[in-house]
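A short worksheet on the structure shown next.
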Amino acid sequence: MTPATPLWEFVDITKAYPGVLANDKVCIRLMPGSIHGLLGENGCGKSTMIKTLSGVQQPDSGQILYNGKSVTISDPQAARDLGIATVFQEFSIVPTLSVGENIFLGNMPRSRFGVIDWARVYDEAARVLAEMDVDVSPETITGTLSVGEQQLVEIAKAIAMDARMIILDEPTAALGEDEIERLHQLLRNMRERGTAILYVSHRLDEVERIVDEVTILRNGCVVRASGETKINVSEIVSAMVGEDIGEHYPKERNATDGIVLEASGLATKSGVKDVSFSLCRGEVLGLGGVLGSGRTEIARALFGTDELIAGQVTLNGKPVHFRREIDAIRAGLALVPENRKFDGLFFNFRASGNVTAASLGELSRFGILNLKVEDQATHNLIRDLEISTQAEEKTVNFLSGGNQQKIVIARWLFSASDILILDEPTQGIDIGAKIAVYKLINRLTRAGKSIILISSDHDELLAMSDRIAVVQHGTIARTVDASELTHDDLVRASADIPHSKPEEAFA
Amino acid sequence: MKRIFDTQLIGPFAAMVIVALIVALTTERFLNPGNLSNLSLQVSIVALIAIGSTIVIFAAGIDLSSGSMVALLTMILAQLLKFIGIPLVLALPLILFFGGLLGLFIGLITAYGRIPSFITTLAALIAFRGLALTFNNGSPIFSLDPALEPIFYGKLFGVPLPFFYLVFFYALAAFTMNFTKLGREIYAVGGNPAAAVLTGINVRKVQTTTFVIAGFMTAVGAILMSARLNSGSPNYGQTLELQAIAAAVVGGASLAGGRGNILATLMGAMTIVIVQNGLNLNAAPSSVQNIVLGLIILLAVGIDMWRAEISALMGRIFGRSSSQQSSSIKKEA
């Protein structure tokens, strides 16, 4: 199936930014009909490589061969002309346009008079979507779709242009389990047709499932070259991190019998229905379920963001009613939101402003902030959590995802919250930072804090939770001890969505 | 002090000094003591109003209403003094109160009515001008009170009073923005409103507060305007809102919110006024002044946006190879 000549060959690609050598003589060979994994921790040079390959920037040196001939990818349009499609991690769709318009954006089919041929736009878009098995009308306004569906529209753009090489940067970060499976099937189909696929992901379980070859980068250099067919996750991890990291999930069991929080019959307008559960001191309660099952909404209901229309939250035996977030925060709750970029971080602040943002009242007297306490506490947290010391001087947009996530969690350490809701706390951060977050969870539970952990990474959820509540359609279907569940149980339990494929439910 | 005088001030300060040097070298009369004290008079009104405009911008809003609000408040002040006969010591606090009140209305409609501030303050810009015209059949009111003029023209130790107002209000604003809970919350709301909500900050209250501050500072400007001409007029303050926003922008405040230093706005205002003063001294027509003002705004924002390219260009000119530099840094790591 795989011919001997590579479709694309990138030889000794070097790219430097002021102060950092992002790519140092990186070589990648992409074979037609092959899925090639590009792996590495944050800051290893993956993004730089992707930008070079998609024509967003030029390499300082190196050679690019297309079918054995030397070419230059001078800009994104040139990349497109050469059949390269890139699905960036940050969406490049226009939310106010229809799905069909987005799929053909910048490439609209035109009739003879140069007018956009709308019939063809929508017909072709419908064909691509059908081919992808995506049940979305091409006339839908893209912004009204779920994040997962928007991601599929991104990929539809690439398919519509008949790309011979597709670059996917973290394509599954926002997808639920069934959507990931659908995407993978799609990629396998494209592989059959001889497309070369460059697949960048942090989720190694996926990589194991779908990738044919890997290139692993560390500090801008290739540490493991392509062409290897046998993929072993623990080898990949050691190659990425550069050392044997030992236990992947350093779980400590700190749960006690004392109930701190009890929810009974919670319901909101956002779709939470009859949610009841209890949370013990020192416990990690995992919320499992697919994207859109209502896990985030449950978190918002607890935190006073979404108004309760029914039900009661009891905290340390006393009924409480949170009208706004500040009530929940004062009562000792904390929320690390799913999307740290949009909902978590203040990119205009250094670490200090981010750390104290939820505790400004405690930090001030007569409205005047105690900046000495702020600086000292931030300094200590940066040291304790092994956050890059750059965070003291620079605004947080200069930090890696892992450091950013630690800062968001540090905010709730500073506020001395007792119950932390962590919504996808390790999404999009590298292995080293993930383990740091796990250790932080241990440290919190050891100190008697309780944690509600929301995660789409099943392995992580199983390993780090004491009990798991499976969420379906806005309600908790069942709550079981984490040790009684296997990965497959969780996938099956959480992916059980009758309304998406009714005929299969009876099969 | 390090917090207030941070690196964000370097650019606007350099711009102000360069502009002052150019004007000083080309225009003899610029450095006359008389002209310099005139300068502080000229800059005072726009610079004081710009404090409010800038704080609104810090919270990712925009205030277009201040020019018309000045006209409205001068007419109300004239009415109070001349026709109702309220003593000056009572009228002035009343005007400050009205300014804050108008700001409160704008803020409430913006924050709780969820209407973009560009729209609410544009509506206010138009409506306040109209409202100002309803007083005294739309005619200016002159000779309000002999005690009014010294507020603007008075001197303390030979220094014009408006200089002291500037020092006082800018010191207060810098303190608020850098050392208080409110200041931090304003930057937080401007930086990321969604995150601010989830950290328990009352975003709408903070947004509303910025407009109250803007209304209050506009009232301060209106009082000085009335004092300067001892009158009230529905035509005062035309394009003053744009000059105030220009001062903020030349000072480096990001219109996206969350970033900027309030003292840089003072430098921005100074830069603009120095240029205008230089053109005035050289008898340039007002048309030229407007063109130059437009170019300054463009240049100030342009330099900010093209910072990376400019420093790269500098690097190339001075022969510093970036790849050499980076590999040496990497070895250290």
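Glycine residues also receive a Cβ, built from the backbone N, Cα and C atoms like all the rest.
Because TrEMBL annotations are produced automatically, they should be read as predictions rather than curated entries.
Among the features that TrEMBL reports, transmembrane segment is placed at B:9-27, B:39-62, B:83-109, B:115-135, B:156-180, B:210-229, B:262-281, B:287-306.
Of the recorded ranges B:9-27, B:39-62, B:156-180, B:210-229, B:287-306, the transmembrane segment (B:262-281) has the largest number of C-beta contacts under 8 angstroms with B:9-27. In this chain, the transmembrane segment (B:156-180) lies close to the transmembrane segment (B:210-229): three or more C-beta pairs between them fall below 8 angstroms, excluding pairs fewer than 6 positions apart. Remote same-chain residues near the transmembrane segment (B:83-109) are listed as 52, 63, 65, 69, 72-73, 76-77, 115, 117, 120-121, 124, 128, 145, 147-148, 207-220, 222-223 (criterion: CB distance under 8 Å, separation of at least six residues from the stretch ends).
Long-range neighbours of the transmembrane segment (B:39-62) within the same chain, counting only residues 6 or more positions beyond its ends whose Cβ lies under 8 Å from a Cβ of the stretch, are 70, 103, 110, 117-118, 121, 152-153, 160, 162-163, 165-166, 169-170, 173, 177, 186-187, 189-190, 193, 206-207, 210-211, 213-218, 220-221, 224-225, 228, 240-241, 243-245, 247-248, 251, 253-260, 262, 265-266, 268-270, 272-274, 276-277.
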